[in-house]
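A.B. asks: Please see the structure below; I have some questions.
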């Protein structure tokens, strides 16, 4: 049996730890052509709407300091270990999600489940991207008037925050206002109501019993008014771009041709990028990440310098120690980490499978998740600095309830349904199985030895030696990470309630549809598991054979397979390529002896 060693003569068979990017190492599958292509591709894959869409809302829900702390903890104990597990598996085998599970063939169903989850996720995620694309083109076409910031368009309502009359509302009880505006006071909510002559889309009409502004009772000046107003941008999104008034899961409304064209454009771009393979994708990834960083910095600087930015950032200044006792906080933090890092979806495995065998995957385990986390915080600062501007202009007081639902930033009823069930349940179960199987079926220590072979002399993280750090990951994979994932799963079941979108509660048939969508990938996994058990019982006369590494498990290239010696079932040439390793080793030993003489 061959022993992996730095002095092993087989290492001279052009297996060099140093990376030669001038040509593909794996000519059949191909490799990333640049040194940073994989890192950039991972950043492009993980940094997206999730950073803008969910993270800011969850910061508002739990308090920014509290949620950032909880997310940081789960980033270390959940995100990084699972990120390393998936990327290492892909790089070690140079196989995608359908072929990298030969360390326990029974797990081939995980690959199919990952594809099912990704297929459902991409269908609604591209809907969000189409929304963003539509808004980009709309902003370019209407850059002169910027009507999404005004309250006099045909899609606006009397509840638009730009229509608040502060002085009139403060004098709501004055006889002059009562005679002109027919004002009255809603004491329960602290709102001045009245009749108003308003113009929307060039048409002027008289509206009765609509809000005028916030009224503060002189006997109770600290009273907070209920937030019944909508930002101009919010009304633009719902009433103009989405046309969702009176639409729900029972009444989808009609197709919006603008959105259909935008969605078609998104799918076309994806197809054109992927059809040329990873070389084109790698180049596009550099351009994409550059645009993201530049735009993020520009918008961040602009947002922080807006009048009223401090008002919005004050929303994020809370750190509630008592909130740390909330199971909801930790459940939301774990879900966000899974969603933002694409864990359990198979994309990390696929991207890593194009790495060269000796690529230093360890550095990306720290760089990618941390940069993703920093981006989420930056996006939160942007969102709330802009909200602060509107708060100051409209003088809204009920700031805590301003963002009523995370999906209000982007998405609709079906999108919300998919997000609740698909991303929360399936990906979590898949990741839990990954941890348990690699730790207890294959062996966590054995897997770290495989990573050691890949790393060669590059065994630092980035300053801690891998020979020390690997024991931490063994503990995480085998105990802490699956325990926390299981706790989040159990919490989700215990705290389960009917799905809702804002104030709209989904009906029973919609809930059933969501449960079917959420459990479909898991059902596929169970079916494939059952089929493999029957197959191995019939062909191998033993169920246990399905839980042991097959002869195909290991590196894809022969020059790397000869370095692996810890598996009794391991074969250097499982595909019977006809290479005589005994003669090859004898020749290399003769060369080594001659050079030493």
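Cβ atoms here come from the backbone N, Cα and C positions, even for glycine.
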A.B. asks: Which one, 108, 126, 372, 467, is listed by TrEMBL in the same Na(+) site as 51, 340, 441?
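C.D. replies: It is 372, as the record lists it for that site.
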A.B. asks: Checking feature assignment: transmembrane segment per TrEMBL, candidates 208-233, 468-493, 546-571. Which range matches?
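C.D. replies: Transmembrane segment, as annotated by TrEMBL, spans 468-493.
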A.B. asks: Quick check on the annotations: TrEMBL lists transmembrane segment for one of 106-125, 146-165, 166-185, 186-205. Which range is it?
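C.D. replies: That would be 106-125, per the transmembrane segment entry in TrEMBL.
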A.B. asks: So, in DSSP terms, is residue 151 (disulfide bond) helix, strand, or coil?
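C.D. replies: Note: residue 151 (disulfide bond) is coil by DSSP, not helix or strand.
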A.B. asks: Please list, in sequence order, the residues in the chain of residue 160 (disulfide bond) that are at least six apart in sequence and whose C-beta is under 8 Å away from its C-beta.
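C.D. replies: Correct list: 151, 229, 230, 231, 232, 235.
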A.B. asks: Report yes or no: does the transmembrane segment (284-304) come within contact of the transmembrane segment (106-125), defined as 3 or more CB pairs under 8 Å with a sequence separation of 6 or more?
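C.D. replies: No, these stretches are not in contact.
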A.B. asks: Would you mind ranking the recorded positions 151, 441 by how many other Cβ atoms sit within 10 Å of each Cβ and giving me the lowest?
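C.D. replies: So among 151, 441, the recorded positions given, the one with the fewest Cβ atoms within 10 Å is 441.
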A.B. asks: Using a cut-off of under 8 Å between C-beta atoms, tell me which stretch among 106-125, 255-275, 337-354, 468-493, 513-535 contacts the transmembrane segment (366-391) the most.
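C.D. replies: Stretch with maximum Cβ contacts: 337-354.
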A.B. asks: So for residue 51 (Na(+) binding site), how many other CB atoms are inside 10 Å of its CB?
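C.D. replies: Result for residue 51 (Na(+) binding site): 25 other Cβ atoms within 10 Å.
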A.B. asks: Cβ-Cβ under 8 Å from residue 340 (Na(+) binding site), same chain, 6 or more residues apart: which ones?
C.D. replies: 46, 50, 51, 54, 55, 372, 373, 376
